[in-house]
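Quick look at what TrEMBL annotates:
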type	residues	note
BINDING	B:Ser79, B:Asn129, B:Glu173, B:Asn180, B:Tyr204, B:Tyr256, B:Val274	substrate binding site
DOMAIN	B:360-430	domain 'STAS'
There are 4 protein chains.
Amino acid sequence: MSSSPQPTPDPGRTGASELIADALAAVHEAFRDLDEGTVATYIPELATADRSLFGVALAGVTGSIYTAGDADSPFTIQSLSKPFVFALALMDRGLAEVLEHVGAEPSGEGFNSIRLDPATGRPPNPMVNAGAIVTTSLVRGDSEEERFARILDLLGAFAGRPLDVDGRVYVSESETGDRNRAIAYLMHSAGSLTADVEATLDTYFRQCSVLVTARDLAVMSATLANGGVNPVTGERVVDEVVTEWVLAVMATSGMYDYAGEWLLRAGLPAKSGVLGGLVSVGVGQFGLGLFSPPLDARGNSVRSVAAAQEISRQFDLHLMHRPDRDVPTLYRSTRADRLRQLAHRTPSQLRRLRDLGSAISVRAVQGTVEFAAAETILRSVDELPSPLPSGERWLILDLHRTSRVVTLGAQLLRGLVARLQGQGVHVVVVDPFERGLLPGVDQELTTFEDAQRWCEDRLLEAARAA
Amino acid sequence: MSSSPQPTPDPGRTGASELIADALAAVHEAFRDLDEGTVATYIPELATADRSLFGVALAGVTGSIYTAGDADSPFTIQSLSKPFVFALALMDRGLAEVLEHVGAEPSGEGFNSIRLDPATGRPPNPMVNAGAIVTTSLVRGDSEEERFARILDLLGAFAGRPLDVDGRVYVSESETGDRNRAIAYLMHSAGSLTADVEATLDTYFRQCSVLVTARDLAVMSATLANGGVNPVTGERVVDEVVTEWVLAVMATSGMYDYAGEWLLRAGLPAKSGVLGGLVSVGVGQFGLGLFSPPLDARGNSVRSVAAAQEISRQFDLHLMHRPDRDVPTLYRSTRADRLRQLAHRTPSQLRRLRDLGSAISVRAVQGTVEFAAAETILRSVDELPSPLPSGERWLILDLHRTSRVVTLGAQLLRGLVARLQGQGVHVVVVDPFERGLLPGVDQELTTFEDAQRWCEDRLLEAARAA
Amino acid sequence: MSSSPQPTPDPGRTGASELIADALAAVHEAFRDLDEGTVATYIPELATADRSLFGVALAGVTGSIYTAGDADSPFTIQSLSKPFVFALALMDRGLAEVLEHVGAEPSGEGFNSIRLDPATGRPPNPMVNAGAIVTTSLVRGDSEEERFARILDLLGAFAGRPLDVDGRVYVSESETGDRNRAIAYLMHSAGSLTADVEATLDTYFRQCSVLVTARDLAVMSATLANGGVNPVTGERVVDEVVTEWVLAVMATSGMYDYAGEWLLRAGLPAKSGVLGGLVSVGVGQFGLGLFSPPLDARGNSVRSVAAAQEISRQFDLHLMHRPDRDVPTLYRSTRADRLRQLAHRTPSQLRRLRDLGSAISVRAVQGTVEFAAAETILRSVDELPSPLPSGERWLILDLHRTSRVVTLGAQLLRGLVARLQGQGVHVVVVDPFERGLLPGVDQELTTFEDAQRWCEDRLLEAARAA
Amino acid sequence: MSSSPQPTPDPGRTGASELIADALAAVHEAFRDLDEGTVATYIPELATADRSLFGVALAGVTGSIYTAGDADSPFTIQSLSKPFVFALALMDRGLAEVLEHVGAEPSGEGFNSIRLDPATGRPPNPMVNAGAIVTTSLVRGDSEEERFARILDLLGAFAGRPLDVDGRVYVSESETGDRNRAIAYLMHSAGSLTADVEATLDTYFRQCSVLVTARDLAVMSATLANGGVNPVTGERVVDEVVTEWVLAVMATSGMYDYAGEWLLRAGLPAKSGVLGGLVSVGVGQFGLGLFSPPLDARGNSVRSVAAAQEISRQFDLHLMHRPDRDVPTLYRSTRADRLRQLAHRTPSQLRRLRDLGSAISVRAVQGTVEFAAAETILRSVDELPSPLPSGERWLILDLHRTSRVVTLGAQLLRGLVARLQGQGVHVVVVDPFERGLLPGVDQELTTFEDAQRWCEDRLLEAARAA
C-alpha cells in the first residue's frame, strides 16, 4: 500500500486522506489470495506473467492517486487501449463517420468474435478486436508512423506521462496475430475497414503492446471520469461529449459477454483486457485501474473484477442509483435572518414595508437544480401574491445554497424569468458565486440581505412615486 | 397539450409550471408529422392500430404529470410489461434465484430471439420474450390466477391506478402465440423454465394484454426513477435496489438490437414495445411514457424514439454526463458572518480567543458530498494547526450548505471523525437539517454561529482550567 | 447367429446360402466387444436399455433375411421412422408440396436442431426432428387417429408384419417432449407446419414409439433397396421414384453431422436413430438393420456404425464405385456358331450368300446397355458396308447376352433403329427374353441363328427378285 | 452444335453416333433462352462475362466427346478446381491426414462461409473456399512454385491437355481476395491451415485462375467417372479410391446450400463454380461439363443446373435408382442346345448318361453377379440331387452370359466353390472370357458344350471304374 503524493511528516499532520488509501488497501488485502483463473497464453510473451501480481489504483478527478499492491508493475495495455483509441477516432472523425464503420451494439460474444453485421459489414462495437482494429484505422495520420505516433501520444496524454512499446510483445503479437488478420481481411472484404490491412494491423499490434501500470490506467480512466481533462496534468485530452460516447459503449460492451451482468452488479462503465487489466469509471468521481493476470472463463481478470465490484459496492456509485435528496429544494429563512434584515430600516420604512410586504416573494433554493428541483421551483411560483395596485411584484430567487444548476435547470429557470417578467414580475437573483446563470434578471446580488434591501428600496421608491 | 393537475385561474397565477408542458408540447409538435415506419401486425388485433396516434407523457419524481398528444389513448402494454414483471420476480425471488433462470446479457438479437445460453439453457435477458416468460413464471402465486392477480396489481401499483386486460387482444395473443409457445417449451426442455408451460404462457399473454396509456407508462417509469416509490400515490412498489437492477438491464438490453446505440445517443435506460410504446427513465428525475404505433426495422417506435432522444438531449441527462461542479466543495465564511459572530463576545473573551483562535479550524462544505468532495475535505484536514499546549484542537464541519451526502461520503467523513478524535481533535458538525450523518461527533448544532460559540466556550473553559 | 428361413436337413442339402449368414456373424463377432459410447437417456424409458445388446440383420431384395446377434430384440423405432414417414408424405402429397414445407438440405447440425430457413421458415430436411414433425403432419387422414393408423400401417407394410406401439415409451415421449413441442410451435409460427401442433406431436410421439427389431429394419430398408416393393411380402409399399427421393435425402442428411463422412466412408444411404438403431441401403441389393444402444458423441450407435461400414467395405457397394466392366460390350460369334448356321444352306445358297454377305452386319451385345455401352454400339455402326446395288442393307442386333438395358440405352437404340431405317437399313433384333425393347424393328427373333437365316432369306428373295 | 471427333463422309457412313450429339444439342436448345440470374461480379475481371454464353459438353468413359453451344469458350476454373485439387491432396497425403485438416460434412452454408468446426478448427469440407484453401496447402511441393506446378499438371492431366493461367484474373483475384485471406488467417489461427498463409493463397488464387472450357470440364469429370483414368488420353491421373472419396464429397457438398435438393433431383455428384461452370459425373458412364455465366441466388449457374438436371433425367442415372433386373439371374438351356450336345454321344453313352444324369447339375448365370444375384445362385444350390452311390456330384457354373462379377459376387462364389468341394461336389466353370474368377474350381472351360462333355466324360470314366 502506498499513497501519492507523500505528505511530509509534521506535528499538525493528521493524515486524514490516508483513509482512502486504507480503503483501497483493505480491498486489495481481501482479494489478494483469491487464486483462481488462468493466465492468458495466446501469445508466448504473455504466458510468462506472474499470476500472483495484483495492483489496484484509484485516481480522483481531484488529481489525487491512491494505490495498493503491484500498481507500478508494467504490462502491455492490449484491449484496454480500445476505449481510448475509440475516443481518438471520435475526435478525428466525429460520431457519424465512426458509426459508418463500426456499430455500438453489444455482441453477446467474446472479444475475438468474427461476426459482422450481415447488412452493413460493420463489426458490432469498438470494444471487441474487430471494432478496435477499425477504430485504429480511423485515427488520422499522413503515414502509418504518424498515426501510431498520435495514438501513442494520446495514450500518454490520458496517462499523464509518455508511454513506450514493449518491442518483444509487439513482435510476438504480430507473428501470432492470425485471427486478428483474419478479422481485418474479413472487414476489408465487407467494406467496414477501408484502410490498408497490414499497415492497420501493424499499428494495432503496436498499440496493444504499449506498456502501462495500474496507476496509469487509473489516471487514464479518471480522465474519462473527468470529462476528458486529465485531472493530474490538467490537459484536455478529448472533448467531454466524446467521453460520454466512450463510456456508454463501455457500459454495454466493455466486459464482453459479462457486460450486462457487470453493469447490473457494479453499475459502472468498465473495460477489461486479456492480460488481467481492468479500468472502471465513476463518472465525475474517479477512475480505477486494476491488474492481475489470472482470468476467468470469460476472459476477465478474477481479482480485478472482484475488487472493482467491491469498490463499486462500497462507494455506492451504481449508475442506476437514485441520488438521495437529503434536503428540500426550497428552504425558508430563519427568524434570526429576518430580524437582521429589518435592523437596517427606519421605523417608517418598516411600517410602509409591512403594508407592501406581500409584493416581495422569496424562493430560497438549495442543492442541485435538475429537472425535479426546477419543477418544484416552478410549481412554487405558479401562484404569487397578487400584484400591488401599481402592478409591482418582486421575486427573489436565492440560489446561494445551490451547489449545481444543470443545463435543464438553468433552461427552466431562464424560461421562468422570461415568463414572470412578461407578467410584470421583477426577478432578483442571489448568487454569491456570481455564476450569471440567469442573464436576463432585473438584478443579481451576492447576499440575500442585499437582494432584500434592493427590492425594498425599489418598492419604497415606487410607493413614493405613486 | 394538457397539463395535470389543472390549476384554477387566479389573479396571482403565473402558470410557471406550464413551461414544462410547453417543452413537451414542442417536442410532440416536432415529431408529430414524422410519418415513417410500419404498424406491427403480428396479431390481428394489433394491425388495426391508428398510425397517426402519438402520445407523450412525463411524470416527475415530484408526482407531477405533463402530457402532450394522445397520452390517454389506451393500448396493450405488451413488451413494456417486461421490466416491471422482472422487478416483481426480483422482489419475490431475489437476484440470485432469478439469475439462475435468466441471464442479464444483451443478446444482440431481436425481441423474439430463440437463442438460449448453450451452457446454462437460460434466455439471454428478461427484456426479450424468452426471458420475460421466465420472469413471469418466477412470480409467486399459489395458483396461476393468483400469480396473474399479483402481476396485475403490481402493474397497477406502478401506474397508480387499477388496470384491466383487453380480452380480445388476450385471446388473439393466445391463439397466435406459437413462437412464444416454441420458446417456452424450448426453455422448459433446457431447464430454465420450470413452471407449467401452458399456464405460464397464459399468464404471460394476459400480462401482455393489460391496457395502459402513455400517461400510465410515465408514472410507471417515474416509479423506477424514484427508487421504487410511486411519486403520485406515494406507495412503495418495489425495493430501491430492485429498481437499480431493472434499470441496469434496461440500459444494456431494453432496446433490443439498438440498445447500445440508444444508450450512446440517449444515455437513459429505456424499454420499447411492439405496439409503439416506450418508457425511458431519468434516474432520480422523471419517467417518460411515449406511444406511437409505426415501428422502425428494429421494432422500435419511430416517433417515440425520436421524441425520447430529443427530450434526453434537451434535459441533458445522459448517464455518462459528468456532473458539472458549479461551486467549490469548500467555502470560506464572509467577513460579515465573522463580524456578526464576534458581536456576542466580551472584549476580554475576544482577546483570549485571538490567542487561542488557531485551535479552532473550520471546514464549510457545500454541494454533494460524494467521493471527490469527501476526498477534498480529507485532504483539506491532512494538516491542521498544531494543537494547543494543552492538547486541544477543534474542527467545525459546517454542512449547512450540503445538499446531499452519499453513502461513500458519509463513510469517509465518519472515518475522518474517528481518526481525528483518535488524535485528540474535537469535531463539531453544523447541520440545520439535523440529519445525524456523523453520529460520533462531539457536538452537532444547527447554525455555524452556535457551533463557533460552542467551541469558543469550550476553549475558554479549557483555558480557564489550565 | 441365425439364418432365416431355416431349411430342412436333407441328404442333398449343401447349405450354400449359410455363407451369407456366416459373413454377417463374423462382422457381429468382430464388433460385439466394442464397448464404447453411452446410452441415450433423454427420456426415462430409454435409459434402461441394455448396453450389451447388438443385433445385425440383412434382407436381400430376393426376400431372404440373415441375422446375427440380438436381431429380434424389440426397441422403439424413434428417428428411424423418419425416412419411411417421409416416403408416405411424398406418396400423399407429391414432391413439390412436401418441399414447400420441409427442405432437403443437410443442416450440418444435430438431430434436434431448431434452426429454420430464415427465408422460408422450413426445417432443413426430413431427417431431423423438425422436418420429421412436418412430414408427419403431411400424411393424409381425416382424423389424427386415421393419420396415425396410416403411418402404423405403412411402417408395418415396410416391415412385412403388423407393428405395435410401446405405450410406456409413448407416454414418456409425450411428457418429456418439450424440445419437440418448441420446434413444432416454432414451425407453426413460421408457417411450415400448418396442422394442429399438439395433434401432430401426439402422432409423432406415437410414431416414434413403434416397436421394431433389427430384423424389421432390415426388411424395411430392403423395401427401399427394392424400389418400394417389400421383397418378403411382395407388396408394393411406395412408388419407386419415392424411394429414390428418400434415399437421396438419407445420403446427404441421414447421419446428422456425420452424414458427409459416412457417405465418404460407407458409400451407402443410411439413417441412424437415438436408440442405437441404424438402417443402411444397398440400392437394388439389400437392406441392413442394426441395433446397439451405446451412442457416440454425434448420436450414432457405435457398434452399428462400425458394423455397417465393415459390411459396406466387404460388399464393395460404395455408391461412387465405378462398376467394373468385365466383358466388352460387343462380341464376335465363334467359328463353331458360324459353321452350325451354314449347315442349313444349300451349296448354291451358300455361294450367293457369299456374294451378298457383306450386306448383313451383326452387332452382338453383352452386359448392361447404359450410356457407355450404347455409345459403343452407335459408334460401331457409324460406318456399315455400303448397301447392295439394290439398296439393301441389314443389321442384326443380337441382344441375347444383354442382362439389362437401361432407359437411356433403350432410347439410344431406338433412335439408332429409326436413323438406320431412315437410311434404308433393315434392323433385326435377337432377344430370347422377348423384351420388346425396340418396337419399330423389322423383325425380332429369339436366337441369332433364326435372325441370320431370316436376313439371308430376305436377301435371297431380294436377289431373286432383282 | 458440334460433335467430336468428326467422321469423314463415306457411302457406308450412317452417322449413328450423332444421336448423342443431337440429344445434347436438344438440351442446349431447350435452355439457351433461359435468360435468368445475374453474372458474378466479385472480382472486376469477372463482371465482363457475356451472359449469353452457354456451353455443354459430355465425355464418355469411352473417350468420346460431344458438345453443344459455347463449349470451347475459355473461362477461369475457380471453384471447379476444388474437387480435383482435393483429389491431389488425397493422393499426396492419404485420407486420414487430409481429414485432420478439413472435414467432409456439408455446411448448409454458402461457398464463402467462414464457419470452422469449434472443436477441431477444421473448415467443413473441401468444396467451400475455406476447405479448398486447406487442400491446396496439403499438395506436396518443395516450393510454392513446385506446388502450383503440380496442381497445374494435375488439372491438365484431368483435362487431357496442358492448361494455362489467366494472368489478369489471377492478379484481380489476389488483389480482391480479402475474404479468402480472412478465411485463411482464421484457419491458420485455428490450426487447420499450417502452411504459410500468403504463399498458400497465392497458389490458390493461381489455381482458381486456370483457364478451361466446358469441353475440358467434361473430360475432367469423365476422368472421375472413369475411376481416375482419363478416358481420352488413357493416363491414370488419380487412384480409383480417391475418385470415390471425391465423388462422395461432391454428392453431399458440391452444390453449396443446394446440395441436398440437387442430389434428390439430379441424383449425380456435381460441383458448381462461381463463373457459371458445372461438372457432373455419371459414375462409370460419363462426365458433363457445362458453362453459362448467369447465376441463381445460391450461386449456381441457372442454365447449367437446368441442363444438367435434364440430362440426368433423360439418362436415368439417379444414384438411388434401383438397377432394373431385365433378365433372371438363372436361365435354362434351350431344348435346341440340349439336342446339339447329345449329338456327340454314342447311343450307349446316352443310355448310361441318362442313368447318371442327375449327378450333373447346371446353373447358367446371366447379368451382373452382385449380392442379390450371388445370393440367388447360392440358394439355388442349397439343395442338389443326392450324390451318386460312388459319391460323385458335379456342378457346372455357366458364367458365359455374366457381364460383370462384382467383388462381393466373386467372394460368395468362391466361398460356394470351397463349400461344395468340401462336400465332394466337383465344380466346373464356363467362361468364354477366361476371367479366372474362381481359381479353385476343378475345371474352367470356354463353352457350355465343352463343360457338359467334360463332366459327362468324367462321369462315364467313374462309372467305368466303378
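Positions of Cβ are set from backbone N, Cα and C atoms, glycine also.
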Specify the count of other C-beta atoms within 10 Å of the C-beta of B:Val274 (substrate binding site).
22
Relative to the Cβ of B:Tyr204 (substrate binding site), which residues of the same chain, six or more apart in sequence, are found under 8 Å away?
B:Ala132, B:Ile133, B:Thr136, B:Asn180
Same chain, 6+ residues apart, C-beta under 8 Å of the C-beta of B:Ser79 (substrate binding site), given in sequence order:
B:Phe111, B:Met127, B:Asn129, B:Ala132, B:Cys208, B:Lys271, B:Ser272, B:Gly273, B:Val274, B:Gly277
Longest CA-CA distance among B:Ser79, B:Asn129, B:Glu173, B:Asn180, B:Tyr204, B:Tyr256, B:Val274, per record bound to substrate, angstrom:
21
Taking the Cβ of B:Asn129 (substrate binding site) as the centre, how many other Cβ atoms fall within a 10 Å radius?
25
Could you find out if DSSP has B:Val274 (substrate binding site) as helix, strand or coil?
coil
Could you give me the DSSP helix, strand and coil counts for the domain 'STAS' (B:360-430)?
26 helix, 30 strand, 15 coil
On the 0 to 100 pLDDT scale, where does the domain 'STAS' (B:360-430) sit on average?
86
